[in-house]
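Visitor: Have a look at this one.
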Amino acid sequence: MAARDSDSEEDLVSYGTGLEPLEEGERPKKPIPLQDQTVRDEKGRYKRFHGAFSGGFSAGYFNTVGSKEGWTPSTFVSSRQNRADKSVLGPEDFMDEEDLSEFGIAPKAIVTTDDFASKTKDRIREKARQLAAATAPIPGATLLDDLITPAKLSVGFELLRKMGWKEGQGVGPRVKRRPRRQKPDPGVKIYGCALPPGSSEGSEGEDDDYLPDNVTFAPKDVTPVDFTPKDNVHGLAYKGLDPHQALFGTSGEHFNLFSGGSERAGDLGEIGLNKGRKLGISGQAFGVGALEEEDDDIYATETLSKYDTVLKDEEPGDGLYGWTAPRQYKNQKESEKDLRYVGKILDGFSLASKPLSSKKIYPPPELPRDYRPVHYFRPMVAATSENSHLLQVLSESAGKATPDPGTHSKHQLNASKRAELLGETPIQGSATSVLEFLSQKDKERIKEMKQATDLKAAQLKARSLAQNAQSSRAQLSPAAAAGHCSWNMALGGGTATLKASNFKPFAKDPEKQKRYDEFLVHMKQGQKDALERCLDPSMTEWERGRERDEFARAALLYASSHSTLSSRFTHAKEEDDSDQVEVPRDQENDVGDKQSAVKMKMFGKLTRDTFEWHPDKLLCKRFNVPDPYPDSTLVGLPRVKRDKYSVFNFLTLPETASLPTTQASSEKVSQHRGPDKSRKPSRWDTSKHEKKEDSISEFLSLARSKAEPPKQQSSPLVNKEEEHAPELSANQTVNKDVDAQAEGEGSRPSMDLFRAIFASSSDEKSSSSEDEQGDSEDDQAGSGEANFQSSQDTDLGETSSVAHALVPAPQEPPPSFPIQKMQIDEREEFGPRLPPVFCPNARQTLEVPQKEKHKKNKDKHKAKKEHRRKKEKKKKHRKHKHKGKQKNKKPEKSSSSESSDSSDSQSDEETADVSPQELLRRLKSLPLRRQ
């Protein structure tokens, strides 16, 4: 027994590391808690942790990486000799031993690689790959992938294998018995000899009987349905050129060169592989790297039995036997289907064996001759006194009015309608207003008090309106005052009468709005039963009471809102200048010339606009540019008032133009343009000779000046000219000297006007501008002559206008206005132009000062030429040339300059000291000169 026990002890198998035996009396050690445990390395030394929470790496003396100095740069070692021994470092070369351990970030484990895996071919994987290749945009593209990268199983296959799935089995619950062979369909007839009763089916059934019940089998491996989403722009079931069918053919077509050597070729276009070769592109002409071994001879498998040796009739069909031809069906039914449907059938679909029953199409119904596609239902209008006009219109359009069927039916009438037909008086309902409970005397007393208060309010309003009319009569023109009074009367009448012309609370219901208007009319007349009269007798008592409350509430609301608005707003004290609007000054001119230039396609200067724009001073500072108008107070475009375009401006246009209105308009323009004389000339100031206006623009400007209403607050000069206007027209045969004396005493302007015209300020300005343009005069000779001519016209126009203000009108009849206007046009460069002259001797008075002005201009040109010669001679003097000529010409220049200066100073002194009478005498004595 002892031996047996010892043998049994020796046969025991021990697992794990045994504990050290404890000595007698020694207690077992307690486990060390987690916080007291330490980490040691292989040699038993304590390990220090260097991380983010314990100081990180250290490069000092202690605990350094390699040396006392810490990191040291490695010396350069040439790798030319041992270049072949150089190995590429990977991440594992930089890891610690802890990272490569079992609990590290890259533990080492023994794993079976693909090289040592099973060599059996995975059919499921191949079918999936071929399905992917067939549905790809380029079929057969996976052939190149097989050549480049090896195919690997996905995660799904790995999971299935770990769950117990094996290659070649299906996915799903296990079955107990093998599936029996499918029995033939009883509806299908089988021709030929019947099989003997004892066949393989019986033996298979007998084999199944011997199998135990607890044995299960894996389901059959079935290729899953391809649920690939359509993510391309091709049509349904579109496939490009399949290289399997094009190069190698399929089993059901004309012939297949590789059918003998490939037994595994399926519908997916699987290519049979000879000699265990890899999939690849076969070809004799080009080499493709690793596939440059000798290819199979495809012509060695050909036999002459596949070709016809006897001439015979052509086979039915179109003769297209290539791989692109549609498939030919064997039996007649399929050929009929082929004729009916040409194309490829989608995967999962098949042609129907029975045709669809054709739908019977019925002909459309026959329309009558008088049929109209749109039917118009004529309105049914009852014959009452209120809509007699509507009934008449309907009878004229349709021939007769449609009677209301409700009036003849007894079922359509209610009690109120029957009472109305019988002529009975409607029964009054209960009182819904507090006023109806009052007695008759109290109602009359309230009415008298209301009339008294209304009368006092009307008297006070009339007094205030009369006072306002008297105070505003001096400020308003007669037409505007008449319109203002009529507007006040209309406003007072609207306030006194409670008429809601614009206030329609029941606009959606015309009948109700009509009753509400009748209620307001009765209320204005002061009738007591206004509400009861306007209500519809066909309504019920509840509806009548509700409508009575709505009418009273609406009238109260309108009265309160009307009184609130009238108390908050008042009439205007001053008249709005409705006949004029402010527009930019440069836009005031007529744009007819520009439009005509655009029509003629003459683009350029004629279609461009130049505006005078005054920038803000802060803007000039920000952009660091000088202010072009330092003395200007305007910002933006200068604006002037212009008449509104209206038909009424031309209704009161007289045949001949009169002098006072023109003078008043010019004085008005001078008041607007007075403080802006120092500005630069703009397009507004250009003369009409340069603009070349047509007769239409002249007519418009004349109509504006004539249609402008005269203001009462005009200057005294205009009033005096208006008083003397009839004298100029009526007393044309009076003596010339008497008229001159009366006109000079009555309408003599101030001396400022004479100084502005005859002083040398304009000459100085023109001379300074000519000096500035002196260097470029040779290049701009044409423009200088034009400016000189325009300045001559300006001076002549100003002189003639003042002379006409002093000289009386002669006895000869005045010429027409447009001709005179074209002769007296001037350039408005230094302010507004003066009124035109209406006298026959205007041309003479215009030509009188032309000679003197022409002489002054000649003197200016001479002085300018001499100044230019002086500069040239100074240059020659610096070069020390022509000294003798310079000495001879110096006294001549000094004498000529002194004479010109003295003449200018004398002329200035004479013009400053000459009296107005002497000036008139000199103007009369000047000789006339024709140009």
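Every residue number used here counts from 1 along the chain in the order it is shown.
Each residue, glycine too, has its Cβ placed from N, Cα and C.
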Visitor: Going by what Swiss-Prot says, which of S8, S67, S358, S567 is noted as phosphoserine?
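Guide: Record lookup, Swiss-Prot, feature phosphoserine, residue S8.
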Visitor: Tell me which range among 73-92, 313-332 Swiss-Prot lists as region 'Disordered'.
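Guide: Of the candidate stretches, Swiss-Prot labels 73-92 as region 'Disordered'.
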Visitor: Write down the residue from S282, S357, S439, S471 that Swiss-Prot flags as phosphoserine.
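Guide: Checked Swiss-Prot: the phosphoserine annotation sits on S357.
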Visitor: Run through S6, S750, S762 and tell me the one Swiss-Prot describes as phosphoserine.
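Guide: Going through S6, S750, S762 one by one, Swiss-Prot annotates S6 as phosphoserine.
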Visitor: Among K119, K312, K528, which is the one flagged in Swiss-Prot as SUMO2 cross-link?
Guide: K312
Visitor: Where Swiss-Prot marks phosphoserine, which residue is it, choosing among S477, S915?
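Guide: Out of S477, S915, Swiss-Prot attaches the phosphoserine annotation to S477.
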Visitor: Please give me the CB contact count at 10 A for S357 (phosphoserine), counting all chains in the structure.
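Guide: Result for S357 (phosphoserine): 6 neighbouring Cβ atoms inside 10 Å.
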Visitor: Looking only at the domain 'G-patch' (152-198), what is the mean pLDDT?
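Guide: Taking every residue in the domain 'G-patch' (152-198) and averaging pLDDT yields 71.
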